[in-house]
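Working notes, beginning with the structure itself.
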DNA sequence: ATGTCC
């Protein structure tokens with residue numbers, strides 16, 4: 001018995017050495033070469049049957065491990081070509097975002113997808129990407145800011161009644177911005193979401209509860225904002241008469257809590273798919289019917305409710321300060337996954353920077369710090385998997401915006417529209433975004449416009465270079 | 001998006 005015989009059997013690497021050891025033992029026991037080779041073939045055919053013990057146990061264990069590795073690789077193989085998917089506003093979308101969506105549509109778990117007109121490059125799935133998978137949830141298909149969402153409160157106040165200085169003071173007093181920011185102990189907010197039993201269901205959630213409790217009611221950094229503005233209804237809707245109203249619009253997420261949930265489960269998903277094509281590394285998934293998949297689903301949905309609770313508290317504080325009750329409210333999550341029927345199949349629909357837009361469903365699509373945002377009503381377009389854009393979408397990345405935009409041009413843009421800005425980095429300048437009117441024009445078959453919000457007093461986090 | 005660690 002020599003190595004050549006074993007290689008001929010198809011044995012590889014460590015298995016050859018283990019087979020040689022076993023074969024030597026069998027030769028000592030008096031077996032002929034052909035008899036030993038027959039035994040080795042039997043072990044190869046069904047290694048599981050030899051795991052329990054005996055001379056072939058170590059070889060059987062190695063062969064089982066090799067088979068498991070091959071299975072994992074096979075299960076993670078990308079399709080040669082992406083499944084076809086529709087694109088809205090192709091002329092507004094950079095090639096990089098298309099490439100990312102192409103990779104997503106090559107995943108073995110992908111079944112359908114769509115790209116919204118605000119699409120731009122992100123980690124894993126592009127921002128503005130909608131992806132339907134079968135029995136799989138992709139942490140980076142939801143994004144780092146799980147549950148990132150929008151909320152509008154229409155107030156029983158005339159738009160002109162709130163002066164810029166007063167509005168500015170209210171925002172400074174009642175909102176908190178920035179990475180790591182939390183409320184002081186005496187100002188700590190409370191909300192029913194903090195009293196859910198869900199926090200006790202996972203060690204990770206138990207661990208993150210304290211952070212979540214201190215940060216609830218705050219806003220983050222980047223493109224998050226809280227603003228006062230004028231809400232204009234051309235026709236009666238939302239239970240309101242046509243007209244102009246003072247309104248509060250906010251964009252906020254699940255803060256450090258959601259970010260850590262995303263990070264934790266992304267690590268687990270990547271670990272589960274070591275053989276995944278490097279191009280799809282950030283699209284590693286968790287089987288929904290696995291323990292990890294179920295844990296992510298639970299944590300993701302909690303982060304979604306937590307993010308909406310942040311909005312609730314922000315709006316409640318501002319309304320209380322103005323001594324009013326909102327007349328109408330609209331809210332929607334745009335970074336989340338949902339169980340949804342797609343072509344008769346129950347799939348997981350990821351929206352990473354995409355607004356749910358089922359028939360009749362209300363949503364909010366903001367423009368920029370100085371451009372209008374829109375209340376929309378979904379048309380339930382099946383090709384778009386019942387989705388629309390989540391905003392205007394970036395035309396300049398953060399660094400490109402800092403490099404190319406001039407502060408005075410941004411200030412002029414704000415001044416021309418009468419916008420008062422607190423904080424706000426140049427990377428969030430209106431010029432860094434696509435024109436919201438164009439983006440809306442590309443999705444006339446996804447949503448109807450209900451009303452228009454024009455920002456007047458805007459608070460954002462302090463950028464690396466403020467406007 | 002987040003204070004670079006679940």
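Even glycines carry a Cβ here, placed using N, Cα and C.
Listed in TrEMBL:
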ACT_SITE  A:390  active site, GMP-histidine intermediate
BINDING   A:145, A:224  Mn(2+) 1 binding site
BINDING   A:223-227, A:334-335, A:366-369, A:390-393  GMP binding site
BINDING   A:251, A:334  Mn(2+) 2 binding site
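With the fewest other Cβ atoms inside 10 Å of its Cβ, the least crowded of the recorded positions A:224, A:334, A:390 in this structure is A:224. The highest number of surrounding Cβ atoms within 10 Å, among the binding-site residues A:223, A:335, is found at A:335. Cβ crowding, taken as the number of other Cβ atoms within 10 Å, peaks at A:227 among the binding-site residues A:145, A:227. Residue A:393 (GMP binding site) falls within neither a helix nor a strand when secondary structure is assigned with DSSP, and so counts as coil.
A simple way to gauge crowding: the CB of residue A:393 (GMP binding site) has 24 other CB atoms within 10 angstroms, across all the protein chains here. Around residue A:391 (GMP binding site), the same-chain residues at least 6 positions away in sequence with a Cβ under 8 Å from its Cβ are A:118, A:223, A:353, A:365, A:366, A:367, A:433, A:436, A:439.
Of all the recorded positions in the list A:251, A:334, A:390, A:393, the shortest Cα-Cα distance to residue A:224 (Mn(2+) 1 binding site) is found for A:251. When the binding-site residues A:145, A:225, A:227, A:335, A:369 are ranked by how far their Cα is from the Cα of residue A:251 (Mn(2+) 2 binding site), A:225 comes first.
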